[in-house]
Amino acid sequence: MADLNLQEIHDLLVSVAHEAGRMIMRATPSQLSSGTKKNSADLVTETDQAVEKMVSTRLMSSYPNFSFIGEETYVPGSTKLTSAPTFIVDPIDGTTNFVHAFPAFCVSLGFAVDKIPTIGVIYNPFLDELYTAIKGKGAFLTRNGGEKVKLPLKSEPEPLKDLSTCLIGAEWGSDRTGVNFELKTKVFAKLAASKENGGAMVHSLRCMGSAALNLAAVATGQQDVFWEGGCWAWDVAAGWCILNEAGGIMVSGNPGDWKPEIDGRKYLAVRAAPTGQKEIVEEFWGVIGDGRLEYES
Ligand code: LIP
């Protein structure tokens, strides 16, 4: 990593994110038509594909020796994350929101070295919100092209007490069958239920529809926790770096694993706090109980 110019790579990613944002906004919402991938809730548009083409062309012409993993060109079974410097890209995270013109979609540009999230750039063009981080250099939010604010937004975040004080991001995802769907339904109900009914009585649950923006929200401190199984490396790589640089932690969405892989597909993120991160993870894992998310990497 010593000979990589991370600032230069970051600056290119920011420039590419803005170009992607312009392409995405030009397509919203009048010329939009979508198709489906594995089922009716797994959407793709021509814009997803065109943005990925632009992103991969720009990144690979500047860094031809790096690897590239993108949602729309991923080949199951043969595209693998290795230790090589790798761009991990979702051209539009939150495609369903994009199709509905619901303003929570973004381009998510991650860069990993040795499988460690090293640079993250997430841009929501609808709100003109840019989240950025380089490993070891802090995380930032730039709104409306204006001032660059350091994350988390609260310079002294409050301690985390327990789940009953938390706003939680969680997603249904597009797989709606079998053990994973059953476990998500059970966990959502347990998180929401009152203490009298055996629940955690969290402040509330949010389904934002974009893992990248969920991680950005945990990095800012607007959400305390985010839990999802089923999303992919390109949904989380950029957000993971931003989260870590903002003082948050990422562990597995299944109990017991404190050091998950980027492409592990089961994630639990907790915001920055002077105390209580570990306890919140353990309380959340307790809500999952004996169940396990089963998604293949
Ligand atoms: C989306 C994820 C989201 C998940 C959706 C979908 P896409 O990514 O970020 O967290 O719940 O099912 O996978 O498909 O919009 O890039």
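Note that Cβ sites are derived from N, Cα and C of the backbone, with glycine treated the same way.
Predicted, not measured: the structure shown is a model, and the values here were computed from it.
Per TrEMBL, the Mg(2+) 1 site holds E71, I92; the candidate it also names there, chosen from D235, D257, D263, is D235. Compared over the binding-site residues E71, D93, D235, the count of CB atoms lying within 10 A of a residue's CB peaks at D93. Cα separation, E71 (Mg(2+) 1 binding site) to D90 (Mg(2+) 2 binding site), rounded: 5 Å. Compute the center of the Cβ atoms of E71, I92, D235, which mark the site for Mg(2+) 1; besides them, the chain residues with Cβ within 8 Å of that center are D48, E72, V89, D90, P91, D93, G94, T95, S108, A212, W232, W234.
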